[in-house]
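S.K.: According to TrEMBL:
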REPEAT    9-43  repeat 'PPR'
REPEAT    44-78  repeat 'PPR'
REPEAT    79-113  repeat 'PPR'
REPEAT    114-148  repeat 'PPR'
REPEAT    149-183  repeat 'PPR'
REPEAT    184-218  repeat 'PPR'
REPEAT    219-253  repeat 'PPR'
REPEAT    254-287  repeat 'PPR'
REPEAT    288-322  repeat 'PPR'
Amino acid sequence: MIDKGISPDIVTYSSMVQGLCNFGRWKDAKDLINELMDHKISLDVITFNILVDAFCKEGMVKEAEDTVEIMMQRNVAPNTVTYNALIDGYSLVGQIDKARKLFDSMPGRGLKPCIISYNSLINGYCKQGKVEEAWRLFLEVPCKGLEYDVVTYNTMLHGLFDARRCADGLKLFQDMQARHVFPNLVTYNTLLNGLCTNKMIAEAFSFLDGMENKGVNPDITICSVLIHGLCKDGKLEIAGNLFNSLPSKGLQPNVQIYTTIIGSLCQGLVEEAKCLLAEMGKSGCMPDSVTFNVCIQGLLKRKLLVEAKTFFDEMYRRGFSLDSATVSLILDRLQYKGHDSIPLETISKLLPKI
């Protein structure tokens, strides 16, 4: 366009950079920006921010830092959006100290952290398991004249439940409602996953009922979380009932749900597992490598070697490979039962190709 004498405006350039980044073509976006600078075209902070954000989302914080350096060399001052992207990027790659240092430096540069700044840093602390630091930052939000949003609550809830602070998580959910911050499906997913992980199944179903009473229909992800929690807690019958109720909720089981149920059935109800595996294929939801690995692991743990052999053959027929957890269990069986217990010729064909 430039070579043909056409002069697009900065909005057009920014849109082009954004489009490339949206498709993960950050290298092309960087090349475009370099080309524009070679043509002495003035770029604004918005254009640079697009590339900084793309690098940070990829975890490429060094490249993001280099882009900010170029901005400053061209007298384009980083703004709050720039800092938010960097804080999020540092948090993503576990460099929480750098994220905090950048966050703390904002006022000195004439920039005020916004709720997005707080959300990113809170998320970084939670990912590092530093829930107390995240909580202190969370409490600071209203003191700075800012209001919590649903992302703030979802992030803090996730951190609390990961730290097994379920009571604090439930209190925070009540506070969320009291402040009229409306929960979304991510909120409920976080709550239900946290409750199920901590074996609070009754409380999880209470929340599910509360959702439906408020007209919030659970999606397949939420149902998957509940089914996984029930199976892990040994409540296979209740999990089966929920599984069977999915069509009435307008939902179709996905491969993760089938895998969870089948894996649990392989702990002892092998024929039922085989039937469900066959039903899975007929429903159009094809089992994957994870499905078979989970089945075999369940059978090996129960020392059901004959039943496991049928799954080995089916895996080979479908072109799947054994994962490291399955291989480890096989090695254990070989150690205690000898080579005759496992079909080594078949196993060798199922090992991942290097």
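Cβ coordinates are placed from backbone N, Cα and C, and glycine is handled just like the others.
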S.K.: Please give the sequence-distant neighbours of the repeat 'PPR' (114-148): residues at least 6 beyond its ends with Cβ less than 8 Å from one of its Cβ atoms.
M.R.: 80, 83-84, 87-88, 90-92, 94, 96, 99-100, 103, 106, 155-156, 158-160, 162-163, 165, 176, 179, 181
S.K.: Quickly jot the same-chain residues contacting the repeat 'PPR' (219-253) by Cβ under 8 Å, restricted to those at least six beyond its ends, or write none.
M.R.: 185, 188-189, 192-193, 195-197, 199, 201, 204-205, 208, 211, 260-261, 263-265, 280, 283, 285
S.K.: At a C-beta cut-off of under 8 Å, are there same-chain residues at least 6 beyond the repeat 'PPR' (149-183) that contact it? List them, or none.
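M.R.: Long-range Cβ neighbours of the repeat 'PPR' (149-183): 115, 118-119, 122-123, 125-126, 129, 131, 134-135, 138, 141, 190-191, 193-195, 197-198, 200, 203, 216.
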S.K.: Using DSSP, tally how many residues of the repeat 'PPR' (254-287) sit in helix, strand and coil.
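M.R.: Per DSSP, the residues of the repeat 'PPR' (254-287) fall into 24 helix, 0 strand, 10 coil.
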S.K.: Across the repeat 'PPR' (79-113), what are the DSSP residue counts per state (helix, strand, coil)?
M.R.: 26 helix, 0 strand, 9 coil
